[in-house]
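Feature list (source: Swiss-Prot):
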BINDING   CYS248, CYS311, CYS312  Zn(2+) binding site
BINDING   GLU695, GLY757, ASP758, VAL759, HIS760, ASP761, SER805, THR809, ALA861  methylcob(III)alamin binding site
BINDING   ASP948, ARG1136, TYR1191, PHE1192  S-adenosyl-L-methionine binding site
DOMAIN    357-618  domain 'Pterin-binding'
DOMAIN    747-882  domain 'B12-binding'
DOMAIN    898-1226  domain 'AdoMet activation'
Amino acid sequence: MGSKVRQQIEAQLKQRILLIDGGMGTMIQGYKLEEQDYRGERFANWHCDLKGNNDLLVLSQPQLIKEIHSAYLEAGADILETNTFNATTIAMADYEMESLSEEINFAAAKLAREVADEWTAKTPDKPRYVAGVLGPTNRTCSISPDVNDPGYRNVSFDELVEAYSESTRALIRGGADLILIETIFDTLNAKACAFAVDSVFEELGVALPVMISGTITDASGRTLSGQTTEAFYNSLRHVRPLSFGLNCALGPDELRPYVEELSRISESFVSAHPNAGLPNAFGEYDLSPEDMAEHVKEWASSGFLNLIGGCCGTTPEHIRQMAQAVEGVTPRALPDLPVACRLSGLEPLTIEKETLFINVGERTNVTGSARFKRLIKEEQYDEALEVARQQVENGAQIIDINMDEGMLDAQACMVRFLNLCASEPEISKVPIMVDSSKWEVIEAGLKCIQGKGIVNSISLKEGKEKFVEQAKLIRRYGAAVIVMAFDEVGQAETRTRKLEICTNAYRILVDEVGFPPEDIIFDPNIFAVATGIDEHNNYAVDFIEAVADIKRDLPHAMISGGVSNVSFSFRGNNYVREAIHAVFLYHCFKNGMDMGIVNAGQLEIYDNVPEKLREAVEDVVLNRRDDATERLLDIAAEYADKGVGKEEDASALEWRTWPVAKRLEHALVKGITEFIVADTEEARVNAVKPLEVIEGPLMDGMNVVGDLFGEGKMFLPQVVKSARVMKQAVAHLEPFINAEKQSGSSNGKILLATVKGDVHDIGKNIVGVVLQCNNYEIIDLGVMVPCEKILKVAIEENVDIIGLSGLITPSLDEMVHVAKEMERLNFDLPLLIGGATTSKAHTAVKIEQNYKNPVVYVNNASRAVGVCSSLLSDERRPAFIEKLDADYERVRDQHNRKKPRTKPVTLEQARANKVAIDWDAYTPPVPAKPGLHIFDDFDVATLRKYIDWTPFFMTWSLVGKYPTIFKHEEVGEEAQRLFHDANELLDRVEREGLLKARGICGLFPAASVGDDIEVYTDESRTEVAKVLRNLRQQTEKPKGFNYCLSDYIAPKESGKQDWVGAFAVTGGIGERELADEYKAQGDDYNAIMIQAVADRLAEAFAEYLHERVRKEIWGYAADENLSNDELIREKYQGIRPAPGYPACPEHTEKGPLWELLNVEENIGMSLTTSYAMYPGASVSGWYFSHPDSRYFAIAQIQDDQLESYADRKGWDRIEAEKWLGPNING
């Protein structure tokens, strides 16, 4: 079954262009069906809405579907598509109809079969065929649905395979002639579908023709998951489909170039079924059948087509007109393309005879890179991604990823890293080489990559049966394969053995498995030379000669190898090692080696190796002398301190001899203030007007800074230093400008403010500096700014844009309020939203819909410039807003469709699953020093030892963990400078008392009552001082507890006398005044630095005080002896959760804490109306001592808990929703 149909269709495709039907959804919409129509009799009492479930109509309205099929066949269609676009179990879950998936697919195929057979009987000379449709599902296997967690997936490859397998079996059983995998927006979904289809074919002993059709989503020419047309083709070419095509998303005008490209590269027949143009403002398709037919006729005449049909907006009349347009037009002839290995990431990589040497990046390999191994072990995935990115930037055309290390879960690490790579276009644009000695790791990796990658590696060492089994699966996954020259006897060391093993493997793969020879890559084993063992001297020669043998005897196979192996004897002397690599590769490449696993950033050019060294290396590599190893060892020491490509540093002050404009640019880029006044004055004297110095060399220099920052070649601390230089230069010129009454032009005026109730502004300040560096005038209203003031100043100053910032969750509601007021008062300014607690989802769902003008979520300082320039550009603004609106609509749609990852439970069920603590067997520790303890003007020197520096670097957008960030190839040097500046400032803080650190803590008798905690006035426990209200996790936890903080305090009825602690600390007394002083001097760098340092001191104080409480004040861990790193990693007993954070997310609970400690009177810290702490550099929270206590996140709560909490707090529902919004709205 299947082969006969394929032969019939192929014969027709060579004679004429065949017609596929048109839009099924379009036709169904024309019937204007209501809910009861979708339900029919059978589903009249279904428990959820069914309107829109078009696939269900094959069961509830089968005659209607048959009518549509019949109309398309009458119009001239040759192939009917089954009405099963959303009929997988995954898509049917939207209607809770997963169990009906198989029945729907079977019924749909059966209906189409009946109609096709009726029409074939009418006109036997024109047989009609049924294509069983497998749609894309509503989930993506290579894209995270959560912008905050790019490694997360809401569907797995295996789940897709299972769903598609069930649908495929039913479609075949129902009578489908072909399988159509269509509207592919995520190629990994399609690879899972193809895997399922092929598996079912093998299972049932059938092989139907397969059609593949992808979707180019917009003018970028890429699928939604980011692939170009050719990359998409390469990824699925292994399916060997009857046809390859494109459908949906675009009309014929927009789709034409991609169909043309596909017709050029596809070895299969080419299909297309475009939409009837692009949707109009009402979502309708306007392209008439006649107009569409004109496009189709031109495509056909240009030789692009073998099959044509319609998608959204098309009707039987469109198909009728198309049939007339292509009648008599010669179909596209299949091209005779050269044999080549066609790989892909987001972009294609085709390796042909003429292709130069392919570099495979080796640094993302835990067995070969100590740094990468450390990053993966420490779960520093952002930095690990940077290693991959650097490999690609340095010229790697493929990256090899290996996680085989004894202390790692290699499979989990491989999946996590590959999923993260998928969200980084600079990395995922190249093909992936999945490298492991463990088959389960390789297979897990193949399930994560949408492109066509390479498996590294398989061999015959475990025998032929295992080798064949793995090879068949690799082919089904759609990957190329590296085959090691290794069999049951062992590794091939000699030239003869290398060819013998490779020839044996080649014949098995090509003749028995059917593996494409161009996808076979042999690694004939590169071994170290110059080891001092005579038997090793010819290893390089054996490899070089085996390359020529394999290329000669095994057509289309390629050669690769781990190049660094050859120089292993000289580890520690990188210069000599790279020279060996250069010489070795030179000779391998001459003999036909195609690719090599190398450090892409450390490849030396053969001709650049010093002649003396090159000759000695060639003697070793080519085994030309008996004493070659000794001669190379003799001269190797001369090169021990050299590095490939290093140059001598120029004189440090050579730039002082440059023209003044270049000196100003250099000072701005390097952040040098030493000569800026003198150089600015020299430029002023030589200028006609002082303003020319600003608008000329100074702005030219800042433009260079902006470009370098935008390209990632400068980092945020450097940009802030550049701004300091600029401000000093402008300050020198201002008196001269004022004397001449000149004023310069800016790119726009932007008002920035931290909203009412919030005191955090480091991020806002950084955005302001970056915008100033790009010639925007900034009006910074500071913190705690009421809505009325923001809008009043915006009008008075005639600003172009308003930017709002906030860190705590109540600030989100204040931002909504500002947006509503702007709408009410008919503002027409763009509104920017930023800050740690903000998100694109909240902006799209909660803010943007309250204001008709642009509302833009800006997630970092580097994006602010591009956003502002687009918003203020008459030319770019319309397209920017159109794209923004579409993006927000998508985000809202995702939010509305989002289902919780975990199943919710009732509050009663959650309470029944509280933390199980045997209170009878536990005696809570009695504090050594109960009551209040005040720490006034605390010693900063003591706190410095407790600083966690990693968040400090994150403040400056330098990602990396302290102290390893100093070794980072890109940001390490800047991090060291930043660290030095921070410590210099801390020295001043100590010497001059610039900042004051104050703190307070207290330990109080307490008992839990349900989810709450009663705190007593004294140890008699007769009078309740405060009740601490808590929330409980409310999701299903089959293997764990539903945590609540009260679980860690002994219940009142237990009779146990327990205690709870409270604390509040600040490192920021005086910080605001000092920052303002720096700003007044034009020194934004130190203004931001003092804020960042104060934040670190506050966190350090919290860490110090908690340690002191554990060891001395409470004293339950008197013998504790932890390093600062262990403190940061929370290796101690007990926790200190903070109100407003995940375990107790509701901010008003700071109120009882403030009252218990009398914080404002004792240490001068206060709370705003939104319960933000002032000074901003402050920390507060609770102390729990129980050894089982742990941190957790409350996440989403249900309505029953919302009402319970409101009742306990004495709130109405509106007030509860205000404070618990993030925990009830998602």
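In case you wondered, yes, glycine gets a Cβ from its N, Cα and C as well.
Known features from Swiss-Prot, placed on the structure.
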residue	record	contacts (Cβ under 8 Å, 6+ apart)
CYS248	Zn(2+) binding site	THR183, THR215, HIS273, PRO274, ASN275, CYS311, CYS312
ASP758	methylcob(III)alamin binding site	VAL783, MET784, SER805, GLY806, LEU807, ILE808, PRO810, SER811, GLU814, GLY835, THR1168, SER1170, ALA1172
ASP948	S-adenosyl-L-methionine binding site	TYR962, ARG1096, GLU1099, ALA1100, GLU1103, ASN1124, ILE1128
ARG1136	S-adenosyl-L-methionine binding site	PHE1063, ALA1102, HIS1106, GLY1181, TRP1182, TYR1183, PHE1184
TYR1191	S-adenosyl-L-methionine binding site	GLU1130, ILE1135, PRO1137, PRO1142, ALA1143
PHE1192	S-adenosyl-L-methionine binding site	GLN1033, TYR1043, PRO1142, ALA1143
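Across the binding-site residues listed here (CYS311, CYS312), the residue whose Cβ sits among the most other Cβ atoms within 10 Å is CYS311. According to DSSP, GLU695 (methylcob(III)alamin binding site) is assigned to a helical segment.
DSSP assigns ASP758 (methylcob(III)alamin binding site) to coil, not to a helix or a strand. In this structure, of the binding-site residues GLU695, SER805, the smallest number of CB atoms within 10 A of the CB marks GLU695.
Secondary structure at SER805 (methylcob(III)alamin binding site), as computed by DSSP, is strand. Listed in chain order, the residues near the Zn(2+) site other than CYS248, CYS311, CYS312 are GLY23, THR183, ASN247, ALA249, HIS273, PRO274, ASN275, GLY310, GLY313, THR314, each with its Cβ within 8 Å of the site Cβ centroid. Under the three-state DSSP scheme, CYS312 (Zn(2+) binding site) falls in the coil class.
On the 0 to 100 pLDDT scale, the domain 'AdoMet activation' (898-1226) averages 90 in this prediction. Taken over all pairs of the listed S-adenosyl-L-methionine-binding residues (ASP948, ARG1136, TYR1191, PHE1192), the Cα spread reaches a maximum of 21 Å, rounded to the nearest whole number.
Note on the domain 'B12-binding' (747-882): DSSP counts are 65 helix, 24 strand, 47 coil.
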